[in-house]
């Protein structure tokens, strides 16, 4: 009986001992973990699989957060543009300069916040609490930004201050949680479930693009189709992303009881920096030939730091060194929302059943990502494995870089074709001119010292193209000789270099007259159509194009200013004169075209018009961008998802957030590189595309060579090896920290 009781007490002791370790091994200089972090807690599984239920909350949280972020980011340029037009942001120069600079600085400051989030997670709060606290900051930033979008609230200073404060808090929130969320998701898997963890990163990336895709469509509709305060409802367009961020926070907290929460490992980033600094300092102090060499330069830190820490730092530095070429991929990828969108503004976006806006082409990337991820994971990669080809993460990433380079090569070809429809590039001592004959008979036009217009210009003849005027200086007074029905008339006009003109010829008071007017030098921006009016009536005319556009045109061939209109058919316009109100049909005003519309006479209840297309409409269809989007999206799946999983798998448990921050650092550096190149070496757009293509191919070769010599390791295997070989020494002592244990 006594023996059985003793054995029972001993078994109870052993059971308690197995659940709660008596001693924890702490490397010299490390602090013991603080707080309650149930590391060994296992989450229930999804449908009997090896996927923990907790990742469902993390994936939904990421979807809502990315919807929130991309919805807000897409609205900011539109809000800035409209505030500039309304005069709420001082002057257009202030808008284009200071606002762009501040926004760029705020969003690039995420680079600093990534490190801040990593330090908070690894040394103080742990990933779980870091995500919650910074998500609250994130929500507050959204709310401030939404309030700042209310036009009736305060003056221009209030709008600017609220917008900048909101953007700063959003950058702090998204930058701080970004390296923690993906690493926290990876922590939910046991070490033996590496295959499931790898697929989790694919699902995680899929949720990012799903949020981006939906927000790309929803938030512009909320902004443009819903009206509040008498104009576009920016407050609602910013408020919905704020609500999604609140939902993201609620969903994340709801899964609290299911998470595996790794304890903070101390100030890991600081320890890494100290270890590297001590190794360098110690090596420089011991440069004598009599001192034996060591296998690795970081081994010079062994007098102060444990072998385990040194081994982990070696792993991190090896991967970070491999990351050096990677920003070039992001330098290209980032241009989808800038250079490629600008390219789309110069293309024909009419798909028959639907007309795309230039910035809506960006939805192709997240849409293709949603399609490619299951195709690659369930089809392409298994097929490659069946072919006995070792498609390592390094090879996948190199392939992704090649695909992105090919995408920019196609973008360069498309840009060259677009340039063929552009206005000719103006050079010094040169201008362009065309003749619009609004008289009833042909007119022969002769310009002194110019060999132009060999044939008479027919009445209402649509000019085929502009003709070049060669000047003898910055400006020149030219003599125009008009021959009409046996009469010859001379007109003198001053022409400036690098300008575009139309000479309109018309009959006034029984005689021939003319007027030299200035035309647009380039296509209208953002795919808009430009139109101006010439009033051939003997009465002033007030023209209504649609419910928002009105223009007054003086009588007797008076000329209006240009109006910029969305591409559409304008058939329900009105022309109001002293004689009454008449209908005005302009027909189709196409993408990127410039028109001159001449009101000739009144017939019944309508006015007759003649329309000249001065600048040709965009002729290259936007569908030609589809191949480049296909290539860069496929490249993103191979490069980004693989790199995200690779950076997690190659990092020790204590430094996963550090290496995730290093991965995100490559994104920020790539985005900054684009700004530097654009400002330092302005060049033709097609040439810039070619430059980035060549640079990425060169970097891909360098990365492939570096990857050839890189040997993947398992952090857990390395840790076990270090623990077996590590022996106590004076400079590297293992401390025993006792813990209270139930008996």
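Using N, Cα and C of the backbone, Cβ positions are placed for all residues, glycine too.
Unlike curated entries, TrEMBL annotations are predicted automatically.
Keep in mind that this is a model prediction, so the values were computed, not measured.
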Range annotated as transmembrane segment in TrEMBL, from 57-81, 82-106, 157-181, 282-306: 157-181
From 130-151, 416-437, 438-459, the residue range that TrEMBL assigns the feature transmembrane segment: 130-151
Stretch carrying transmembrane segment according to TrEMBL (options 11-29, 30-48, 182-200, 315-333): 315-333
Stretch-level contact, the transmembrane segment (396-414) and the transmembrane segment (661-683), CB cutoff 8 A, at least 3 pairs: no
Proximity of the transmembrane segment (157-181) to the transmembrane segment (130-151), 3+ C-beta pairs under 8 angstroms: yes
Contact between the transmembrane segment (130-151) and the transmembrane segment (629-649) (at least 3 Cβ pairs under 8 Å, separation 6+): no
Segment proximity, the transmembrane segment (689-711) to the transmembrane segment (629-649), 3 or more C-beta pairs under 8 Å: no
